[in-house]
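Colleague: In case it helps, TrEMBL gives these features for our protein:
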BINDING   B:Cys109, B:Asp111, B:His165, B:Cys168  Zn(2+) binding site
COILED    B:187-214  coiled coil
Amino acid sequence: MADQPPPPDTGDAFEYALSSNNAWAGYKGHQNPDFFPKLASGQAPQIRLQPGDVFVHRNIANIVSPTDINTSAVIEYAVAHLKVKHVVLAGHTSCGGAAAALGDSRVGGVLDTWLTPLKAIKAAHGEELSSISDAKERATRIAELNVDAGVKILLANHVIQEAIQDRGLKVKGVIFDIGSGRLRDLGVGNTGDAGAPEGTVRGKHAMLVFRGTNAAMKVT
Amino acid sequence: MRAAHPASALLSRSFSISKPRPILASNLNCAATKSSSLTFSRSIQLPALPSVLNWRTMDKSSISTYLRQSHDRVFERNAEWAAQQRAKDPDYFTKLASGQSPEYLWIGCSDSRIPAEAITGLEPGEAFIHRNIANLVCNVDLNAMSVIEYAIRHLQVKHIVVCGHYGCGGVKAAMHPDDLGLLNPWLRNIRDVYRQHEAELDTFDDEARRYNRLVELNVQEQCRNVIKTAALQQSFEEKGFPIVHGWVFGLHDGILKDLEIGFEDTLADVKKIYNLTGKN
């Protein structure tokens, strides 16, 4: 926080934090006697990732199409001009676009054209996708593959490549699980050792699962 | 894209840090009260997060640590948010996963200072959202056109909001004589708005006022572009919705201003040339 003095270079940061906190709490309590009772009552507003923190582009099925000028302009502005530190491509479970791409019927209008990259993913991973009997899981898997493909396109973007080289820009792919509200790191991109939760490395036909000190290859 | 998970909400955080990751373990000690974690979550728990990262003067390992922390922060907050939602309503995510029927399509600017859900108080599931540079709706842009078509024909939204904002970097860039490479074709659309309203804009001697007015006129023209689509015209003809609104957000006061574009009059005007309903 801008108005907090920085922690001293030497000495115990926790001690510093606790003593500063005491002072802060005393001040807040004096300034507004209801401040802490209100906090304790559970009515406290959430602190969100603040306005000004995330530059956002949202489109149907979070598709990154290399020649799409809309997405390209967003990337150019965010990476070259605003110099963001992270580019996060976020897909999600129960995606209508993924379901449409997995189906055989036309959606109609311009949507089929927009969803073509997903259709291509479906064709490229047909064997794996058709081996998944549960429709929801199949949609989740194509959403993951879509994020993976999108991250590869991001990494092939020259503005992003330059930023990676010049200042260590990080590109990453995540999936939002609507059923649990949790973000899952897919371990794709250039974040190196980030890895997926439970250390799952997905290949085209096999998953290498690391748990504890053991590793097992599960062929799907 | 889906209305069900506004990015800002996913990343929200509570006052207490319940399960710090190893990198944040130090926070356990100062999170003795709700207030302490609030106070020090930024200054102590993440000491390497200045408001503006001066990466030019940092060594590589500090940058790398910073990037790791600012990355992990997102997952940390997401976990807290998910736990909070579940605590409030154990079925929250089951309901969220069951489908969406948002009332609104929001077409806004990518600018990080205008989080659509936060400024409108809309909850996950209530608004279908598209955000791009300077909230443009270009008829050859399949990205935005797919969003509009999906929102109208499949989700059957009732309102379409084009929301611009004063202080828009895209609009500002379009008022300057610079070659911005790949951004040129995108920003050209704003220069075209200027040309369409040249007579009015040139009456302003004050550049700041001209800039603000161009922000408004840009929103108005993008509303017009939504109204030019077959999906909008046909849906309104058949069902009486959606209707289109043009709003501008003020960064200085946080207030949304309705430009009152006059939807039905604009629709009638647009249809003289752009009628795609199949009826005269």
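Each residue, glycine too, has its Cβ placed from N, Cα and C.
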Colleague: I need the neighbours of the Zn(2+) site defined by B:Cys109, B:Asp111, B:His165, B:Cys168. Which other residues of that chain put their C-beta within 8 angstroms of the C-beta centroid, in sequence order?
Modeller: B:Gly108, B:Ser110, B:Arg113, B:Ile114, B:Ala134, B:Asn135, B:Gly164, B:Gly167, B:Gly169, B:Gly170, B:Val171, B:Phe249
Colleague: Provide the list of binding-site residues among B:Cys109, B:Asp111, B:Cys168 whose C-beta sits under 8 Å from chain A at the C-beta level, in sequence order; use 'none' for an empty result.
Modeller: B:Asp111
Colleague: Tell me whether B:Asp111 (Zn(2+) binding site) sits in a helix, a strand or coil according to DSSP.
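Modeller: Coil, per DSSP.
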Colleague: Measure the Cβ-based neighbour count of B:His165 (Zn(2+) binding site), defined as the other Cβ atoms within 10 Å of its Cβ.
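Modeller: 24, counting other Cβ atoms within 10 Å of B:His165 (Zn(2+) binding site).
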Colleague: Which of the three DSSP-derived classes (helix, strand, coil) applies to B:His165 (Zn(2+) binding site)?
Modeller: strand
